[in-house]
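Everything on this sheet refers to the single structure shown next.
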Amino acid sequence: MSSMSTASPRSSSETSAEHPLRALLWVLALIVVTWQLPYGRSILYPFSLLATCAHELGHGLTALLVGGEFSSFALYADGSGLALWRGTGGRLSTALVAAGGLLGPSIAGSLLIILARSARQARAMLWLVAGGLLGVVVVWARNPFGVIFLVASALFFAAVALWLGDRAVTFVLRLTGALLCLSWLQDLDYLFTSSAVIGGMRHASDTAVIAQALWLPYWFWGGVIALTSLAVLALGLRLATRSRR
């Protein structure tokens, strides 16, 4: 491209922004391709559990924001999870808490992608993620599987931050963020169903909870959440690849 060979300020910033965008798109494509492989979902299983963790924390933290209480959450080996919260904020608060869980992985993933713009930021963020996961264990995680997985994940991210080089650190954070952003695609059917089995018991899906609290059917809210998740990913990519001034 001729614009990349010139030395003007504009072309330089376009070039610097183009490289991370290309890298991020390759990561996203790698995830989608891996999902299609015979053992792809097994390979990405730990990250799927992290997405469930972000989902349940999205419920709990949103509950806190609307004035409720976040009691605990459980993470199960089948990839499901359950957040327990209490509140009396009314129908809108109930809908917001349900939506907070559905959008939690996309928001968390976009933040990780944005903060992976430099190796220094990525390394600091991995330490923060490791500490945050341990904090979740202390405050909210209650079932044995969830505790073991979160502690193991915290140790993994701490080890990456401590021992791996800059490129590896940045890649791990980008990969984690991208997987969180795309996790709703892996469970797309959950957005368009009225119930799901969690921990061996059938519960109303989050979109069904939104529909019960507000108006319109659950599949409408599934579409809204899907489009919002795409918008969050697009915004994260734009901010992550925006050239620095």
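Just so it is clear, glycine is given a Cβ too, placed from its N, Cα and C backbone atoms.
Because TrEMBL annotations are produced automatically, they should be read as predictions rather than curated entries.
Pulled from TrEMBL:
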type: TRANSMEM; residues: 21-39; note: transmembrane segment
type: TRANSMEM; residues: 92-115; note: transmembrane segment
type: TRANSMEM; residues: 124-141; note: transmembrane segment
type: TRANSMEM; residues: 147-165; note: transmembrane segment
type: TRANSMEM; residues: 177-198; note: transmembrane segment
type: TRANSMEM; residues: 218-240; note: transmembrane segment
Quiz prompt | Best-contacting stretch, by C-beta pairs under 8 Å, relative to the transmembrane segment (177-198) and drawn from 92-115, 124-141, 218-240 | solution = 92-115
Quiz item: Which stretch from 92-115, 147-165, 218-240 shares the most C-beta pairs under 8 Å with the transmembrane segment (124-141)?
Solution: 147-165
Self-check item: Beyond the flanks of the transmembrane segment (92-115) by at least 6 residues, Cβ under 8 Å
Solution: 24, 51, 54-59, 61-63, 65-68, 83, 85, 121-122, 125, 129, 173-174, 176-184, 191, 206-207, 209-210, 213-214, 221, 225, 228-229, 232-233, 235-237, 239-240
